[in-house]
């Protein structure tokens, strides 16, 4: 049947939100305020994490290769990893790894792999330059001491942001569960040392001498796409270079004469950090010392990126197989080394077979030995691909044009007719007295022709000179005004007198405007003197003959050029150097083109000259400012000079007398009063004038500073800021600072871009990323003789401050893993800046910020101050310290870490000094003290010093006694006892030793490279088998203290009466008679005696029962222990029997089933 359901309730009508009422408040509210707070705080934390102190990013467009350091203990697989990565990037297989290896990893990215040796010195050097660190860890063994040492060395020198852990030897794990547990354990330990989330890679095993391709591909891909690391402050403020090659440039003759002489060495590498100065640079090579740079030269990049190759028009931009370059000069890849002036080919053997060459060098040697036949069948040598085959080498002396066979006859002196001969006069004078035996006329003729050909237009005849006379130049008024330099000009006395007249201008100053015009035209048309000869020598648009012609000064007419162009049948034609408007031949189009008439009209105006004069230091800005103020006030008109109202002068209209002012005609003062008044006014005027002059100088200096800083970014008075500039908020300040740094970099780049390349190198230096050749003179010979490529060679730049030495105050802390505490005056090896040196520190602490008190030992688990002698390094520079560089040193080798606080030439460290004495005569508050000083002179230095006794009574030293030497009189605040000890607390200044010994481990033999410096006293005693001396005063003795008896306190009755009730002495008088209890004897009754006897017997019986019960329990306990031991022995024997039966049964089953797998159970079982 039909069922009627209950009708539903009608839905409520929702109120429609009108747009006029605004936004719906419920739609934009938060349901959970707590969640809102967490979200807001998290977003703020994320924003703050990305904020760092803005640092100038000095990486150029073509950045130097990123240094990837491979670090780990011995036997962990460093060499195998580098071979695998090099094979992945460059398709080359390396047999030996020596020195840095540079590969191209991307379009604009290169990597330099550097294997770090296990020595402590190599770890310190690599930590200073590493951009990426691949930290290899033996997964089967765990973290080793070398890994922890390198991490703690890396931290104070600027921890790079990219430190990757790589676990190796994971194929030794048989169980996957154990492998997972070990990975998790090592990952947590690695994160605790670095930071949570540090990247950790896993390399399972070795296949064919390399790690698996897939794992290496993942690692290489991760390294290639990493961002450039944040620049470390020390590297960002110094220039440095990792040398990938070293060449000895010393003269072999000098080495034969003295094999221990200093060498001249060339280091090759990429410039990093700041720009490398072109001249006068000083570098420090860790392990060698400070050296002066003799010369720096930029070389072609041996490993360019595809982006740079494509920019130069030599290849494509993508990284193809041919662009996967490898540069490892110390590993000798390919066998060819290209130097500035030579090509070195490594030939391992003397016999070759065609087609079996191992490298590029051997192929070059074979091709040269084999030769090549031309089309006529003649055999020759082809030096370049596509070039001609050479059959005969023409000597330079056979070419008649060159004339380089040497001069075999006397040179004849020939005076130049033109004015350019002054430049070559010194060169000719130096060779006048050579070869006096040859004087034939024919040779003289030849000599004349040769000289004429070589010296250019300086020795041409007068009829050959075309055009106007050459301009004269001079550095001073007397350069061209002297007649002694012109022997060809005959002057009479009148000419000499006129020439020496002071009123007449020198010749070189006459017609300066016309001379400048002619000089500019000559430089533009190429007819004048050549300012930059190299521009013509290396100009590909002109032939060598045209360059020689221009150097000689010959002008090429337009008709001659047209005739030469008509003879050429080439399709392409060179652009014409003819100016269409002025019909002037233009030799150099790099010079700007000006309208000389407009320039002359512009600079003839006074306003333009005044504006130009303001740019020079001779301009008087203060006068101009005052003139400007006068011009502004000119509209007012001011007062006339004849109007005396402004000077306090007034005229009495009745009498006609004039009063006040500077003394006019109506002044009738007496002469004496006039002299006194004039004298006073003169003194006042002189003071006022001097003050006015000083104020004027200050005002002019201020205006000069504002004028020079008119274009400064922070100069509000310059008016250079935009009106749109406003104060940045809290969130925008960081972006504003970064924008300001970027703007300054752009301005610098624009300014340097307008300079010539040679001038830019002198001013700016060699930019980072340049492959440079640095020549170092006075290098110790041991560096070359003991050179080992596995140790890194770093040339770190030194600032002028770092060449100075003084005392450094540092904050230092002993490392928590170092076994021994550090002692004052024990030598330590510091790694500070680029240097590694040994010094003697003194540890101290601050006493309430009033003095630095010396500490004998470093405190436990806290910092202290350290002061030592060394190079002055900027504050906030981190350092680490070790006690020894030996590899055999047991335990953790990093002794301490810290940071530089300040540098100073002086130190203020004091040591506590206690002087003790005893009184030998005591008065009321005065006492005579002895055994503290030895002479009255010492007492005189300490007069007025505060002293105190052991009991706390304070006193003061007064005077020395005249009758006994070393005794003095002292006063105290209370009477002291004869048994008191008086002591004086003084502070004795301590001076650190000026000891600086650089670590020169690269000068040691290649066997150990272990440098031994100053040893601590304990090492010396241990080596010689000596024991520590036993000082009698330093030994501990048992302290015997005698009991002292003090007299009771006696207060006079008169004083007791005056004391208040609370302070009165409550002392009972002793009894003269004995009391009742003392005289009476207690007698027990019969009942009390029986009760006491019974109680004693009961207690005795109970005590005996307790003893028997305890002995019985001990026996039962021994039996139980023996029973338990027997049951345990039976249980162990049963378990052993069952285990043996089980394994015997399982062994039979596995033998019957064969290798691996579980077999089915037989029915017999």
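A Cβ is built for glycine as well, from the same backbone N, Cα and C atoms used for every other residue.
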Of the residue ranges 707-727, 728-748, 749-769, which one carries the region 'Disordered' annotation in TrEMBL?
707-727
Which residue range, 549-583, 584-618, 794-828, is the one TrEMBL calls region 'Disordered'?
549-583
The compositional bias 'Basic and acidic residues' (1112-1146): DSSP-derived helix, strand, coil residue counts:
35 helix, 0 strand, 0 coil
Integer average pLDDT (0 to 100) for the domain 'Bms1-type G' (64-229):
89
